[in-house]
Amino acid sequence: MIDVPRHPLHNQTPRFDILTAAAVLAMVLTVDPAFAQGSGSGPFAPLETAVQMIVDFITGPFGRLLAIIAVIGLGFLAFAGRLSWFTAGAVVLGIGLVFGAPAIVDQMISAVGN
């Protein structure tokens, strides 16, 4: 039989399975029971609810924590003397776009009319 070399991640399969199971369990336990209720009427109400949940997830506490981690990363880069102004500007601009996205889109919609 031909011996096929295995990828290094194949050795971590049990650990990956445990982490995957833990992540799925966490998602199942944190499901909002009102998910099936639509926020509006019409055929796309469930889709709008799902997309709104994604936006709330990204711009809510989870996104805030990711932004904090990004700024901490900038601090470590600055501490090590490896921070470029381009990287700092990209992180700051990215944070501004993520959290300013609802206001930016609302402003664009009001500018062109509804």
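Using the three backbone atoms N, Cα and C, a Cβ is placed for every residue, glycine included.
Positions annotated as transmembrane segment by TrEMBL: 60-79 (among others). Long-range contacts of the transmembrane segment (60-79) within the same chain: residues 87-88, 91, 94-95, 98-99, each at least 6 residues beyond the stretch ends and with a Cβ under 8 Å from a Cβ of the stretch.
According to TrEMBL, the transmembrane segment annotation covers 86-105 (among others). Long-range neighbours of the transmembrane segment (86-105) within the same chain, counting only residues 6 or more positions beyond its ends whose Cβ lies under 8 Å from a Cβ of the stretch, are 55, 58-59, 63-64, 67, 70-71, 73-74, 77.
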